[in-house]
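As annotated by TrEMBL, domain 'NLE' applies to B:19-83. Residues annotated as region 'Disordered' in TrEMBL: B:256-292. Per TrEMBL, repeat 'WD' is recorded for B:302-344, B:365-387, B:467-488.
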């Protein structure tokens, strides 16, 4: 205990020394410090006397109670740890000199502030034995502080704290032990009076007015300002007028430190500590005088001797962290089992309460969806003219008004007259309201309504599922051979021999040329000397090699005699010359009998050198024949000359050298003709219609309405039931004759007039050529199943022909076996397009 | 070893790679061993190395041969290191097998010569001469020596003006006198000529047509010969493949009736009256036409093709076999001895085969077709149909396989290009040269637009031949071009 005593001595000395000095943290109130200076020595002397009763102060805080109790505790138990609470240290210092060890600054609580200020007041009256720790601390010198700190830090904290040591004196018995009155020899503990100090200052304040925390202006017009505890009125204190107030303020030096107590309606002088708190608040400091912003560090687990050597827990991770919980597994499996057995049904609907409808409710709930619900059509929103203040132009002029008034009610354009009012409140009542509502109701009642189902269709789904062109190979892809015509002459027509070896082309210089299909070599040519070659066509009979070419006023039958085997050449000669043998027919029209209307047609034999070169027969016909079409057997062929009036369509028979005109009166300007591939039928396309005639029965079978303005080309599917028609107005119509007289499909994709359409004889392909210089290749499967419509797939656009003078590709023909296309163009080229 | 000695100085601190160098060209082969070569070596260093190894002391100053290096079918373009990094992920342990071969050079146009009309067939089978058939209906034998000289070569006229479509030598190149050549014509006949002497100074009139081979009903598309020129096989547009066996000695009478010289009824009597005996048909026989030889019919007719026969090849390994390719997309093998069809390989129907050739070393057939492809057909029995399809930009009317190499072929296209292909890298042609790109050699006058007889000239090539050293090609442009083009 020796060092402790020394410390205590030194601290006391320090206290003594510090006494005469003004307190460094003293309240700024001048009078307070003055008062304090004198009794300070007395305080020290009386320290020991005032051992007991801390109840000398009226407002004893609980801390002080604890101190009092502590004394007893100290008596019982000397080793009570000083660490307990800061509130006790001040007392320790004073009561036990030798027990002065601990810093008083360690604790802080709210009542310290109070106490601190209280003692300032009390000092005036009497010396309290319980000097506050703060006052004692103020007196400490730096040395003392240092030594305290050293002492504090050099002592190991009591490890028993929190285990079994006493935490608070309040838990143990305090108070005096007095002999029991009733039981002999026994003691009972007698406690001091305890006054509940309810922490809050306002609650313990001595306040005579009991009206509570109400706005005091409620008592403004009353003579009293409230009631005291006994229910008596507290009357309003006398107040001087403003002059008195002013004088009072001037005279009283303490007036500026006083405020009005609203409750008591009088000026209250602020105490020093209140002023001090105000000043601190002004300086934005902690209002507590004793608050030390620079607290000493308390080293709990650091510093010498306090080091912790072990971690908080060295226990290994428990197994349960790794092993799945068996219990949980069991629980889950129980549920699973229940689900499997059907005892638990997942997503089972809970029992539904019967829906209760508020039948009288008129709320704006939407109608339930059901089939028969048809909402009334909405009225149109009001227009500008219906405004109460429409712009001037909507208001009727005199004439309009007159007209409106004179008109019948049904004839009026509007059922009201727009009127202009400068304010809404000037608008009179609407006279027709009831009438209109009635009519509306009548409408809704009488008008049958139907539900308009709005179709919501994905546009993608409307596009037919077409196979990709890649799957539909082969079809022509690229131009590989060009049949070059000398000079730049338009090639109007082209035809491929039935064997697929020779290509015949007719150009505007009047020459029919024969080309090797494979390499584009011109091997033979006939100069017809008759203007542009309008059309060439090979006979479909592969046993012969007959070619018909058309020039103005003439049909020429040609044969490449020297290029075909002698047997074929001989057969050709025999076929074409048979007519000459029957002498009557040679240079006359009609075979044997006179057919009316064909007098102008004359079959003639060309000269010997021409015949030697293969010009076998010429037929003089009226007009300029534009197109030739062969019958499938290769004996009949038909020509059409647009400008030959009723003799425009002629059917020639090669073996008999006979010509007949099938139509007495042509139904219009016949543009195109074609024989049906296997029936004795004949297609004739006029400008707008395609007519199908039965040649054997001499009847009109069918009229196809193309919808085109001017038909330019036509071809018949080798199956015979489908026809494509191209027109000058850029459209292509596909007719399925099983589906009626209207086009099954009308395709419009060329940018200029179509010139030629062609079906492949064997493969499901067709092509269309146009003046825009392109050739479109289509896949076209015609199913034998009547229930299935033809499949048309666009495959390829072939570009290569140049557009010259507004003309592009003039004719396309297919190779008879291969997916190859021959096209002739206005640029003087014939091209072969290969897959 | 000298190779390692050559490699050693360059090795130094740099890394080395184990390399196996080999070649299929036996004269250039070096001792097979695994060399450790610096990784940074490129084509040039490798080529130098092989040259050093090959060169004997005697020919030190000989010009080095440039080589090309192929690893796994890929031509080496950068350094060995780069190749290893790219294809082996930097694995430098494994041995790299590098094939080397002599570098091919871009075909260089040597000369060109105008002919009067489109060129339809060419042959380089006899060294020093070019055999040419043209649509002007004649055969020409042009000595290479006087290729560019304007001197008129030996010209043989066919008896009609319809045009010749193909030509071939019948006599093997060892025969120097009485050389026989054959030409197929649009007039459905195969004409066989005999040239007494190849000497250009000899009068061409002595050459004459010996035989006219009848039997086809369409223009001849291909004619080939075998068995020292004693057998002639021709294919025509009628789909038939005819075998003609020529007699040992020239016969004294025709086997067949003549074709009618006119189809007009009642003209025979008048023809007798005509003193010349030949009626002139414009466009058929109004020019300087030759006279027909002894008419002969076919000894065997092979029918199988549906449509035109495009090309014929005499099997280069089996003397009794002929291959034919047709426009129906099939390749057929014919056994001459048995007189029947041996193999049928049917391709797509729209693959119209225009030309065919065979590699002598492997027997693989290469065909060029109208659908812009070159196809390789394996001739062995149990293999797939088409072993490789090489897409070209335009139809291939003529192709020739390299006579010794088994990988390269030269092809002419309708777009006017001569392409040299290596089937090991089928994506692109090794070289593609066109006549249009090169300036006309010695073209003094203006460009011809049409031929004398009014046929338009174009750029398309129709015929090509390659003897491994030179390429001749001609076609619609009425010219024969000669290129230096090697490839093996």
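Just so you know, glycine gets a Cβ as well, placed from its N, Cα and C.
Counting residues 6+ beyond its ends, the repeat 'WD' (B:467-488) has Cβ neighbours under 8 Å at 25, 101-102, 104-105, 107-119, 122, 124-125, 127, 130, 132, 142, 144, 147, 397-398, 402-405, 408, 410, 412, 416, 418, 420, 422, 430-431, 433, 435, 448, 451, 457-461 in the same chain. Each residue in the domain 'NLE' (B:19-83) gets a DSSP state, and the totals come to 22 helix, 16 strand, 27 coil. In this model, the repeat 'WD' (B:365-387) carries an average pLDDT of 83. Per-class residue totals from DSSP over the repeat 'WD' (B:467-488), listed helix then strand then coil: 0 helix, 12 strand, 10 coil. As a summary of secondary structure, the repeat 'WD' (B:302-344) carries 0 helix, 25 strand, 18 coil according to DSSP. The repeat 'WD' (B:365-387): residue composition by secondary structure is 0 helix, 12 strand, 11 coil, according to DSSP.
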